[in-house]
Amino acid sequence: MAWNTNLRWRLPLTCLLLQVAMVVLFGVFVRYSPEADAHWIEEKEPGNLSSDLENEFYYRYPSFQDVHVMIFVGFGFLMTFLQRYGYSSVGFNFLLAAFGIQWALLMQGWFHSFHEGYILVGVENLINADFCVGSVCVAFGAVLGKVSPVQLLIMTLFQVTLFSVNEFILLSLLNVKDAGGSMTIHTFGAYFGLTVTWILYRPNLYQSKDRQSAVYHSDLFAMIGTLFLWMYWPSFNSAVSNHGDAQHRAAINTYCSLAACVLTTVALSSALHKKGKLDMVHIQNATLAGGVAVGTAAEMMLMPYGSLIVGFICGIVSTLGFVYLSPFLESRLRIQDTCGIHNLHGMPGIIGGIVGAVTAACANIQVYGQEGLAHAFDLEGFKTDWSASLQGSFQAAGIFVSLAMALVGGLLVGGILKLPIWGQASDENCFEDAVYWEVPEEPKNAASHPEDSTLKAPEP
Amino acid sequence: MAWNTNLRWRLPLTCLLLQVAMVVLFGVFVRYSPEADAHWIEEKEPGNLSSDLENEFYYRYPSFQDVHVMIFVGFGFLMTFLQRYGYSSVGFNFLLAAFGIQWALLMQGWFHSFHEGYILVGVENLINADFCVGSVCVAFGAVLGKVSPVQLLIMTLFQVTLFSVNEFILLSLLNVKDAGGSMTIHTFGAYFGLTVTWILYRPNLYQSKDRQSAVYHSDLFAMIGTLFLWMYWPSFNSAVSNHGDAQHRAAINTYCSLAACVLTTVALSSALHKKGKLDMVHIQNATLAGGVAVGTAAEMMLMPYGSLIVGFICGIVSTLGFVYLSPFLESRLRIQDTCGIHNLHGMPGIIGGIVGAVTAACANIQVYGQEGLAHAFDLEGFKTDWSASLQGSFQAAGIFVSLAMALVGGLLVGGILKLPIWGQASDENCFEDAVYWEVPEEPKNAASHPEDSTLKAPEP
Amino acid sequence: MAWNTNLRWRLPLTCLLLQVAMVVLFGVFVRYSPEADAHWIEEKEPGNLSSDLENEFYYRYPSFQDVHVMIFVGFGFLMTFLQRYGYSSVGFNFLLAAFGIQWALLMQGWFHSFHEGYILVGVENLINADFCVGSVCVAFGAVLGKVSPVQLLIMTLFQVTLFSVNEFILLSLLNVKDAGGSMTIHTFGAYFGLTVTWILYRPNLYQSKDRQSAVYHSDLFAMIGTLFLWMYWPSFNSAVSNHGDAQHRAAINTYCSLAACVLTTVALSSALHKKGKLDMVHIQNATLAGGVAVGTAAEMMLMPYGSLIVGFICGIVSTLGFVYLSPFLESRLRIQDTCGIHNLHGMPGIIGGIVGAVTAACANIQVYGQEGLAHAFDLEGFKTDWSASLQGSFQAAGIFVSLAMALVGGLLVGGILKLPIWGQASDENCFEDAVYWEVPEEPKNAASHPEDSTLKAPEP
């Protein structure tokens, strides 16, 4: 397959077209939320706000910035582990996320922030847009190295759309709680990406096998991504929870789960190597599974030990997945999952959905308090009489809806991306920056870095 | 030109002298602001502060930390793209910023926080000091690789002084609004730096041409800088805005502008390459132009689509600048601009000033509300009767004042730095860490990293 | 000494055993603090909390995240300067910190947050757990490259225990103020680590001398660690201070001290090199000494110039330590201190304790105000009549207690770690990732990175 990878007109036109569409749609639809509008000074007084601090900005902005770092540095650098695909990992992630957050502001806005003809955006919309793009970054991990930036933009366009529909079904129709997105972000994103990569199966990918691994320094770059994801995950899972105790609790639970996950990942990584050596791939990825798997339940009364147990299990499941399941998926099911997102986001996402359903089903007044229970699960209006087990059932339904949306959507989008017109590389040129980037030549003689003696014009 | 680059006495003496001066001046002038003073517990009660949270610290501190990261990691790593100048990029940026923030606390303090003989510093002063140093980091980008650390300290000393005077003229005399510093930081910093590098013109710089480019890994280091600048720019532009809606709005506008800027940068970068390939230089720099250009207007009612348009234009202008204007400036005007700051800070800074002037001139009660308009533009006291167009005119005047200060100041400081006594390197030794740093020898045989088989003392 | 470095069963069993113990102990002991519990909505009303913002979460969470970055990215990357030990530096730091924070939540919880049989954790506990682990990271710096991950886990287990006891003695029995941990974290951590490395003395370490230095890129990775430590240190020293002015002041003082420290470090580094060149080791480490040394006094009325003086001195002391003291300690006292923690944490920690004692002893009503003084030093209950000099004396006592605990504890733990059963490497295999990690082979022909011309399947 000798496709034309020269994107000179396709990429610029796609970018400009999408961006012009964004400008027009923003012009028609997007305005500031009341708390970001200059009229706020007049409105806060009748609203009995005693202080400027009551502006939503101060509740959410620090979490927003942490989430922002996770999307751009976290996901971007996590994928730089490939020896010759660092530019594309960071750069294409940057591109798709920058487009995705704009489109997500619109899509999620129409569903959740539409008032009198306008989408009113505030800091919570920014966080949710980042979340939505997070699911695209997850899917990007499956197809990393095998798609062109044009394909990524198209995938982003469709995936953000499907994400928003799925999120609307879960949060607004099924009344599911999913603050950290185990289902909406991770399960959906992972199985969507896996379906796409299944459709885009490349039979001769072994031809670029030598570039599909790390070199020493690229693994260290990837650890920058891992650590920023790991450190800021408490902000991710707490960013859009209810003010006060829910945000507080979500951060604590995530902190605990992630800590436990590191130890079991290390344990399994060593135990599964014949000489007991650790594998960077596991440390870079499986240590994060604990954050994925408490996404739904983090804001609930999961208890710190509950979080530890979730992290404990996920470190094991995820590492086992890398060692045994990924090779199986590739050889038998023809699912070429570059970053192993099935192990980091797929299985832990489903576990997270189940943990959330069980935790919700077990909620009771003793643990939450009367008001606390109503507040935690929005048991007001038509939900006043919902039992905990009913909430749990709807939570469980959310998992299946997310999976179904991901599979159907993935088939559709995979089919579109399979058209041979998007500038994708041939199998032997995958995982190679030089296809889409101007790459510097290596210094001819790497050993000739000037030392003192070679500095010209010696001091007088 | 065989200058003496041994800084053994010049650099230590300069550092110690400056630091001793700082200690003495801080001892004479600097005290804590009331909100950072132990007396605060007594003062907050009569001030009707209901909560410790009303301390300015909680409004500004998260933004401060983000700005701090931009100055030290953002600017520092953005400049590591050069293959043999990483130590100097990060290290000299660290040095000049560490000195600059102290001197800026004093200079800006005398102008804006001087009460009864003392400069009273709080968290807002820390942010403003970082901002001031930001303009020095911008100018550093123009002379990167061609100056000694002694020259940089001298440049910082003068530039911070001039910055503070210019800022005082704009903010206090012309009553200009410029929260994100399009004019005070970027326009001033860029044209100051360009003037300095014009004065320091090196006719034989082609002799170190081979070191004036990137290698694969250095481009990835630079992307760390790019991304932290990009991600935290919403904090930069909102850090010193009014509490509440203004900070909130500034963050949203900056987020939007930066997102749009990425897409047009990618579009132009690909379109301008004969094979449609992307250029890392553009991705590292032009994607940030949108943040520069909404600096002034971000806190105003620019509207999200307005921000998108600004970002849209700046991605294009900045990338075109890298491709066409920079080579022209170097060959015809003898302006050797190492990092292309004219494209990232110069032109976008001026655009930002214009956007701010136009946005201010268009402000009206319908959009802002009566109180909102007065609050946004401080229309009280002698400004009560100011019209929006008058505000706009003063904004526009601010651009010209900043340009004039930058050019005159740059000529002066460039003249001082041209003296052949500061330890600058000869033309053929530019862009080389080994001039000022103890650089490790490369491992003799790069291929001999020990593998299992080569580990000594095998297991029994 | 040909020890068995195959950790296949030892490391997994240690990790799983410790993690199971954590799950059980958390199950028995750990619950949410009232502000993270779902009952909070009911409790805040009688507590007269007007707003959700009064939840401790909003006071501390941004600082917590900054501290978290310091522990995992800061310490982790600071130690990547070694050319072939980057995986271990980042990875083992990750492992020990992930275990340490869990164990610290328990140990510190029993001492400080134990109510009716339960440890109630909130965001302040998370910060304190990170702090405690910080002291382990410090000690790790001394033994870096010479110990196995099993040894590190054992060291962490004991050190966290001893830290918590020492902290309890200082904070609760001696009523010492030490918000930034000059004594509890840095002095204790450094001298503990130095004692351990003294016990673990390796006479033939020169055999791995060639790997005990940096290469060009590893120094840039290390600067990531340095800068994140440096930038977020104001959050470190202010994270657990009293609300309001104390947090505000601690941030300002740390900012000032660190800035001054950079200039004197650069001055000394250049002055002590025969050609006036800078040494990356100094820039990476000694620039941080100012943050260590204002740890105790940062929240006191040290005054900005006082902070500058502390930073000034510590930059000099620390750099001199690297140049003269470390070689002496190694050759004469057989203390092999890989990262030079004695220079960065040991001496500056003691200086910090002394500065704190002097600042406390000099406190008076004029400077602090009546209420301010009582609030700053908790002069209530049995402490109502404490004089400033008494407080100063107890502060000074804290230094000696910390030193004693560190030395005794270090002897004990060093003795345990010296047993030849923990999988440590032989002297000639120290500082080498390949002992414990699956390390990628270097590309056979580093010069053959595909350029355009080598891309297969050229475009049609």
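Glycine is treated like the rest: Cβ placed from N, Cα and C.
Copied from TrEMBL, the annotated features are:
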- B:54-434: domain 'Ammonium transporter AmtB-like' (DOMAIN)
- B:62-82: transmembrane segment (TRANSMEM)
- B:94-114: transmembrane segment (TRANSMEM)
- B:126-145: transmembrane segment (TRANSMEM)
- B:152-174: transmembrane segment (TRANSMEM)
- B:180-201: transmembrane segment (TRANSMEM)
- B:213-232: transmembrane segment (TRANSMEM)
- B:252-271: transmembrane segment (TRANSMEM)
- B:283-302: transmembrane segment (TRANSMEM)
- B:308-329: transmembrane segment (TRANSMEM)
- B:350-369: transmembrane segment (TRANSMEM)
- B:394-417: transmembrane segment (TRANSMEM)
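If you count C-beta pairs under 8 angstroms between the transmembrane segment (B:213-232) and each of B:94-114, B:180-201, B:283-302, B:308-329, B:350-369, the highest count goes to B:283-302. Under 8 Å from some Cβ of the transmembrane segment (B:126-145) lie the Cβ atoms of residues 60, 63-64, 67-68, 70-71, 75, 78-79, 82, 85, 88-89, 92-93, 96-97, 100-102, 104-105, 107-108, 112, 151-152, 155-156, 159-160, 163-164, 167, 181, 184-186, 188-190, 192-194, 196-197, 200, 208, 211-212, 236, 239-240, 336-342, 344-345, 430-432, all in the same chain and six or more residues away from its ends. Across the candidate stretches B:152-174, B:252-271, B:394-417, the maximum count of CB pairs under 8 A to the transmembrane segment (B:283-302) is reached by B:252-271. Long-range contacts of the transmembrane segment (B:308-329) within its own chain (CB-CB distance under 8 A, at least 6 residues past either end) are made by residues 256-265, 267-269, 272, 279, 281-282, 285-287, 289-290, 292-294, 297, 302, 335, 337, 340, 342-344, 347-348, 351-352, 355. Model confidence over the domain 'Ammonium transporter AmtB-like' (B:54-434) stands at 96, taken as the mean pLDDT rounded to a whole number.
The transmembrane segment (B:350-369) and the transmembrane segment (B:94-114) are not in contact, since fewer than 3 Cβ pairs between them lie under 8 Å (pairs 6 or more apart in sequence). At the 8 Å Cβ cutoff, the transmembrane segment (B:180-201) and the transmembrane segment (B:94-114) share fewer than 3 close pairs (sequence separation 6 or more) and do not count as touching.
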